[in-house]
Amino acid sequence: MKFFPTRTLLCLCIAAPCLPAIAQNDPIELPDIGTVAGSTLTIDQELIYGDAYMRMLRNNQPVINDPVLNEYIDNLGHRLVASANDVKTPFTFFMIRDRNINAFAFFGGYVALHSGLFLHAQSESELASVMAHEIAHVTQRHLARSMEEQARRSPATIAALAGSLLLAIAAPEAGIAAINATMAGSIQGQINYTRSNEKEADRFGIATLAKAGFDANAMPQFFTRLADEYRYASKPPPMLLTHPLPEDRITDSRERARQYPPLKLAPHLDYHLARARIIARYAGIDADAALDWFARSEKKIDATLQPSIQYGKALVYLDLKQFDKAEPLLTQLVKEQPDNHFYLDAISDLYIELKQADKAQSLLEKALKQTPNNSVLTINYANVLLKQDKFTDAIRILQRYTHDNPNDINGWQLLSEANSRLGNSAEDLAARGEIMALQANWNKAIQFYTQASQLVELGSLAQARYDARIDQLMVQRERFLSLQ
C-alpha cells in the first residue's frame, strides 16, 4: 500500500536516548521537571517528553508512514535490541523522508533514520551499525546524562533544555535560541561530554552489532567512507555535524571491531528491497532518474539481488500507471516468493488499479493464515476490502487493528475513510480525532470528538465513550502544554 509523508522537515538531529511510547489512552503523569532544584531525569519523565516529541514530529516532519518499510526497520532494530545490554525500555524505530545522511534518538524509545541512509549504506550491516550506535545512546541514557551534566553547572538546565527541545520541534527558531541560551557558558564541557558519548555509543554499538550476527567491521567501514567523501565538503551532511568523525574516533572503532571475528555475510535481499522502495518512492528523484539508477545497478549487482531491481522498476511503473510493465515483474516476483511482504504489498496495489481487488484479497487471506495480525498484511487487506466497498468488514478489521496499534496513523486514516463511505459520520470524526491527537493537534482532536458526540443519541453508550475521550484529550493537552 502506498503512503506519502507530508509537511516540511525540521532537521532536529539529536543523538541521544530513547524509551517506550505511551499508549494514547493511558493516563499521563506530569513530571516534576520544572523545579529549579531538579537535577536528574527519571525514566518516567523521559517517557513523557518522548511521547510529546514524537507527536510534534508527526506534525512537523515528513515521517514515512510506509507499512513495509516500517516493518523492515522495526524487525532489524529489534534484532539489535535483543542483543544489546542494559535495555530497560521498549524501542520504536521510524523513518523520515530526507536525502541527508542522518539518524538520531531521543526520549521515549524513538530512533529515527533518514531515508538518505539507505542511499549511502552499502549493506544491511552498515545500516545496522548506525542503528546499533543509536541504540547505545538510548541504553546509556546519553541525552538525560548530558542534561544532568548541565544541571550540575546550572540547576535550571534540565527543565530549560527539555522544554527547549520540544519548542525546537514546534518552532525551530525559538527552540534553537532557547537551547543556545540554556547552554551558554558551558559549551566546551558539553562538547567534551558529547565526544565521550559518541565513543561510548560506538563501543556498545559494535558489541551489539557483533552479538546480533552482523559484521562488526561495518561501523568503521561506514565511518571511513563518510569521512573520506565529505572531508573537504563545505557543507557536510547533518550526521557529521551531530556525530563528528575525528580520526581518533575512526581508529578507535576500527580497533574495537578487530576484537571480533571477521564475517563474510551474504547480501540480504530484504535490505536491497527496502533500498529499492526508497529509491522508487522516497529519494526525491523523478521516475526517469529512478529507472536509470535501476538500469545501472542491474549490470553490476549480485545475481541473488536481481529481484530487488525488478521490484524497484515495478514500483516506478506502478506509480506511473504503466501497469502493463509492472504486472509481469510483480507476478514473477510473487511466484518466486509468495510470502514476501514487499511483493504482496505492491501486487495488491496493482490488482486494485486493475480493478481486480478480489485477486489481492485472495492472496492476502492466504498470507494472513501464515502470519495472522501482521501489520503489513492487515493494512493491505483492509484497504483491499475498502476498495471493494466491503466497508463493514474493513471497519471490523480496522477497529481491532487500531486497538492493537493505536499509534499507527495508517490504521486511523483507513478507518476514517471506511466510516465516511459507510455514512458513519460520528465514527469518522472520532478516527480523525485520533489522527489529530497523534500529531499533537489537541484542539482539533477535541473538536472532532465534540462533533461526534453531538451526532449520536443523547445519553447513548457512544456519546459516553466520546465524552470520556474528550476528557482524556483535555487532560493530555494541558499536560503537554505544561512541558513547553
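Using N, Cα and C of the backbone, Cβ positions are placed for all residues, glycine too.
So that you can see what the record holds, here are the features copied from Swiss-Prot:
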- 1-23: signal peptide (SIGNAL)
- His133, His137, Glu198: Zn(2+) binding site (BINDING)
- Glu134: active site (ACT_SITE)
- Asp202: active site, proton donor (ACT_SITE)
- 307-340: repeat 'TPR 1' (REPEAT)
- 341-374: repeat 'TPR 2' (REPEAT)
- 376-408: repeat 'TPR 3' (REPEAT)
- 426-459: repeat 'TPR 4' (REPEAT)
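It is Glu134 that, of the recorded positions Glu134, Glu198, Asp202, has its Cβ surrounded by the most other Cβ atoms within 10 Å. When the Cα atoms are compared, the residue listed as 'active site, proton donor' and the residue listed as 'active site' turn out to be 9 Å apart. When the repeat 'TPR 3' (376-408) is classified with DSSP, helix, strand and coil residues number 26 helix, 0 strand, 7 coil.
The repeat 'TPR 1' (307-340) scores a mean pLDDT of 98 in the predicted structure. Remark: secondary structure over the repeat 'TPR 2' (341-374) totals 27 helix, 0 strand, 7 coil, with classes taken from DSSP. Around the Cβ of His133 (Zn(2+) binding site), a 10 Å sphere holds 27 further Cβ atoms from the protein chains shown.
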